[in-house]
Amino acid sequence: MNKTFLVQEILRLKHEKNAVILAHYYQNEDIQEIADFIGDSLELAKKAQNTDADIIVFAGVLFMAETAKILNPDKKVLFPDWEAGCSLADGCDPEDFKMFKQQHPDHVVVTYINCAAEIKTMSDLVCTSANAKKIINSIPEDKKIIFAPDQNLGKYLEKETKREMVLWKGSCVVHEAFSLDKLIEIYKKNPTAKIAAHPESESHILKTAHYIGSTSGITNFVKTDPAAVFIVATEAGILHELSKAVPEKTLIPAPSKEDNTCACSECSFMKVNTLEKLYLCLKNETPEMVLPETLRKEALKPIERMLELS
Ligand code: 13P
Ligand code: SF4
């Protein structure tokens, strides 16, 4: 289908159905262009909480659409493709996590928002990369903590908060793919560059970074820091918004280990969403996120605690 037709139809249907399109920074550029709001996981959860639209179209991955539904039981939550998973969420099976929790009784359970609704029901607190330090620091010092499912974010938080935690051994396939050697090579050619990294990256990458933060944190850093060149270690979709916001700055995506043809890392889960799938889901009102009410209510509790704290 032709792009002009798709854009016109999405705008028409959105108006007709009182829908809002929320998109993560890692979405394809044409989806970012048509979205009503682009944000990181925390900003999108807050936006989903406060929208007065009847329909939320979530252009992101499944756990994000689930979070939107958990926060909005009375709204229709649509998303473009069931295949939009996440290596962190998919690597934390509820049955396995239940056993893991049993092995570590009397621990406060903090889970990164990148997990399934069932995992959230077993959590005391949820966090995103933007508020994780604050959430961990809110837990009394005498309490032991389980952190899941991202071990890289977990290790970073242990260092930052000086708390030891029991870590679930999950990781993000995109943020684990950065090559330290290639990054150093690029830095040697651009010695005045600032390196900005997402805390889902491995610790040897984080050690090189001048700034570590969530997707929106990195965006703000690049916009406000006076440096002219930045090496950005997160999913490459972020560069779309950034290059529009600071066209005068040079933005270099951090190179991945495997890929010799493209210098950057892309999340294949995020990228399954296309403008055509977005149009079809808005037109046909499917796929729709539906959750059993008891599961939704239980998953809501740790998300609400997070939102109160952030
Ligand atoms: P944030 O949106 O919190 O920066 O997380 C990045 C991510 O990997 C989302 O899936
Ligand atoms: Fe999951 Fe990583 Fe993709 Fe984010 S970038 S959706 S954490 S696989």
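Going from the start of the chain as shown, residues are counted 1 onward.
A Cβ is built for glycine as well, from the same backbone N, Cα and C atoms used for every other residue.
The shown structure was predicted, so the numbers you read here are calculated from the model rather than taken from an experiment.
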Given TrEMBL lists H24, S41, Y112, I113, N114, S129, H198, P199, E200 for iminosuccinate, the same-site residue among T51, T121, T208, T215: T215
Cβ neighbours of C267 ([4Fe-4S] cluster binding site) where a neighbour is any other Cβ within 10 Å: 22
Packing count at Y112 (iminosuccinate binding site) (other Cβ atoms within 10 Å of its Cβ): 30
Euclidean distance between Cα atoms of C172 ([4Fe-4S] cluster binding site) and E200 (iminosuccinate binding site), Å: 7
Rounded distance in angstrom between the Cα atoms of C267 ([4Fe-4S] cluster binding site) and H24 (iminosuccinate binding site): 12
Those binding-site residues, out of H24, Y112, N114, H198, that come within 10 angstroms of C86 ([4Fe-4S] cluster binding site) at the Cα: N114
